[in-house]
Amino acid sequence: MVMWFVKLLNLGKEKLYFIVRVVLANTKRKKNTRSKKKSRTTKQLSLRLCGALALAFSVIGFLDLGFLGTLFSNMMRIVVGNVYQLGLIGLALVGIYWLLFDQRPKLKANYWLGSILVILGILLFISAYAFASSEIHSDFLTVFFKRAGNELVSGSLNEDLAGGFIGVALYSLSYFLMGQVGSYILSGVLIFLGGMLLFQISFATFLEKLGQLLKQFVAHVRNVFKELVESFAEDEEEKRTNSPKEQSPMEPEIQIAPKKDPVQVTTQKTAETPIKIAEPTKKVVPQVPKQMRTSTANPDYELPTIELLSDLAQPDRALEKEKIKQNQQVLTETLKSFGVQAELKNIILGPAVTKYELHPAIGVKVSKFVSLADDLALALAAKDIRIEAPIPGKALVGIEVPNQNVAAVSFKELMNEFRTTDFAPLEVPLGRDISNGLITADLAKMPHLLIAGSTGSGKSVAINVILTSILMNCEPDQVKLVLIDPKKVELGMYHDLPHLMTPVVTEPRKAAVTLDKVVNKMQQRYEEFARTGQRNLDGYNKLAQKEPQNYGKMPYIVMVVDELADLMMTTGNEVEAAITRIAQMGRAAGIHLILATQRPSVDVITGIIKANVPSRMAFAVSSGTDSRTIIDQVGAEKLLGRGDMLYLPMGQNKPTRVQGAFIPDEDVQNVVDFIKEQSEVVYDEELEVSADELTKDDNGGEDELFDQVVEFITREQKCSVSLLQRHFRIGYQRASRIVEELENHGFIGPQNGAKSRQVYLKASSDEEDHV
């Protein structure tokens, strides 16, 4: 029994061991299967989560949704730069793949390598092009990190990040090793090699296909050329076989060609050799009576050439472009900080200022931009800014910021461009607007011009530009000049010019008499118009051209008063009356005024003068009040000087900002000397001022108004120089002499400060005794 129990026990141990081993093995298999399933599930969940995050990241960044959208976009821009949108699209596609298939995309090595090479080539090319356009040739990574930091801090997408960190880093290395051109070549090589790997094309196969394409192209060009030659040969044969009757219509075409050629040559030479412009006029000049050409001694008169003018050096605009990029960001951020939503639509770099055109969001008042002028000037570190709200003809607001360096507008360059156009006799180029467009003014249409601004703002240069333009475009028998220069130094270089009707007038009293004589000249012209049944100068000259034996052509008359304030202080009423009559009636008679002053006050630019001189040029002034006096609105107080002006022609509601042309005094002298060498001046005797006319009021006897003044002061019981000026419309000198005579006769008392003089005459007995 014992032995059997022992055997059974031994057998039981073996079975027990077997059972235990089987159970343990099954337990291990179950654990391994469970762990594999858990790891696979975890991997799938992680891929799905990454795919969802990648898709959300891409969509938010691509659509620029709020702060996160800008942040995600900037993160992608830091990596791949300006092609960040393509990067976001690629990331979105990867996220979608992970969501759908729960696994990473399985691609061959050539696809991975080819894609990487193509991407590197594109990023390198973008970086090379971006830095070359910005004219940056060193410290590429420093510039990149600075711009990227600005973007992250400001939360904007304005800076140019080129090809991202990858592209900029690769460009820094390639530029150091191979330079700019080598970087372009390397980018092309990378794209080419990547494309070959992607499409599994060998280099030999590529060359073979390229050769086939070249052969096909050459064969096609040969066929086209052969067809053209054959068609041309057929046309020649048809011409030879034609009868003489069929050839006869061709003769007029051959004859017309020489007639067209001179017209074409003249048009081309207008810009290059301006002397030829006068050729068509010379054919008409002999029809004009000799008495109308008294100032042109030389019948072969030639207009001054462009070569008499000098070129101006232009500053480098690269710094301005960099400053514009900085101001662009500062401007939008400053407006946002004040709660003004606006989109920057356009930037225009002009000669003196840069104009930023913004489109306000719906609900934003235009007045908000005007109220922020000082804050914007502070943010942009500008001397002063001018806000045009709104821009005429546009749904935009313009912010004009001064440039660091003003680019002078060359008068020679302006005349070259101006002479290629069809211009009127009195049309002159003034300068360029903010968009560098040519601005011209036709004095015949103005018909009068007021130029005002503080000292050194560019008035005298503008007058020289206008006068020189007239001298270069018109002969002496077409335009006559009357120059009045109380300052005696501004217009002295025009002495003895054949275009002058009278010597340059420098005395205020003589200027008043000259203006009166011009009024008489105007009246004579109107009488001649009435006799011939014409309404204006153009109609009369057309009649004179048709009947030169009966009528003589009349020239335009341009009067320039360089300093109106001096005349108004001395002979104010007389000058104002003459100017008013010329301004009211001078247009039809061909007489045009140019009035300039450096004191734009209401006692100089009176209401009567202002109402009759509709065209104005406002240069830099000291206050908004002076600006309103000139152009009836503020704006001129924010100008920069040195030719910067607001031009308001007749019929325009808002002024145009213009950078006036600059002409050196040497160029003016060259043009004047060129004209003087051709002919001598012959002044108009009717405008000569005699000594008797100047001393008419200085004869020592009683003035012709003396009795009227006695009656007036007796009735009013007060007397002063200004009172007599206003009431009798006489000048200061004449009024002061009458007051001295009254004092010498004992009719009034001595001067008592600013008060009126005491009148000793009484209305009853004293006046009768005097009479």
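Placement of Cβ uses the backbone N, Cα and C atoms for every residue, glycine included.
Note that TrEMBL annotation is computational and uncurated.
It should be emphasised that the depicted structure is a prediction, and the values quoted were computed from it without experimental measurement.
The feature transmembrane segment is assigned by TrEMBL to 45-63 (among others).
Look at TrEMBL and you will find 83-100 (among others) tagged as transmembrane segment. Under 8 Å from some Cβ of the transmembrane segment (83-100) lie the Cβ atoms of residues 47-48, 50-59, 61-62, 72-73, 76-77, 122-123, 126, 163-164, all in the same chain and six or more residues away from its ends.
Away from its own ends, the transmembrane segment (112-132) comes close to residues 80-83, 140, 143, 160, 162-164, 166-168, 170-171, 174-175, 180, 183-184, 186-199 of its chain (Cβ-Cβ under 8 Å, at least six residues beyond either end). Feature annotation from TrEMBL assigns transmembrane segment to 112-132 (among others).
Tertiary neighbourhood of the transmembrane segment (161-178): same-chain residues 77-84, 120, 122-128, 130-131, 140-141, 144, 147-148, 151, 185-186, selected by CB-CB distance under 8 Å and a gap of 6+ residues from either end. For 161-178 (among others), the entry in TrEMBL reads transmembrane segment.
The transmembrane segment annotation in TrEMBL covers 185-207 (among others). Residues 110-111, 113-122, 124-125, 128, 174, 178 of the same chain lie 6+ residues outside the transmembrane segment (185-207) yet bring a C-beta within less than 8 angstroms of a C-beta in it.
Feature annotation from TrEMBL assigns region 'Disordered' to 235-263.
Residues or ranges marked as domain 'FtsK' by TrEMBL: 436-628.
Among the features that TrEMBL reports, ATP binding site is placed at G453, S454, T455, G456, S457, G458, K459, S460. Reduced to three states, the DSSP call for G453 (ATP binding site) is coil. In the structure as shown, the Cβ atom of G453 (ATP binding site) sits within 10 Å of 28 other Cβ atoms.
Beyond its flanks by at least six residues, the transmembrane segment (45-63) meets 69, 72-73, 75-76, 84-85, 88-89, 91-92, 94-99, 102-104 of its own chain at Cβ-Cβ distances under 8 Å.
Of all the binding-site residues listed here (S457, S460), it is S460 whose C-beta has the fewest other C-beta atoms within 10 angstroms. Within the same chain, residues at least 6 positions away in sequence whose Cβ sits under 8 Å from that of S454 (ATP binding site) are Q598, F619, A620, V621, S622, D626, G641.
Cβ atoms within 8 Å of the centroid of the Cβ atoms of G453, S454, T455, G456, S457, G458, K459, S460 (the ATP site) belong to the same-chain residues Q598, F619, A620, G641, site residues excluded. Its Cβ taken as reference, T455 (ATP binding site) is surrounded by 11 other Cβ atoms within 10 Å in the chains shown. Ranking the binding-site residues G456, G458, K459 by other CB atoms within 10 A of the CB puts G456 at the bottom.
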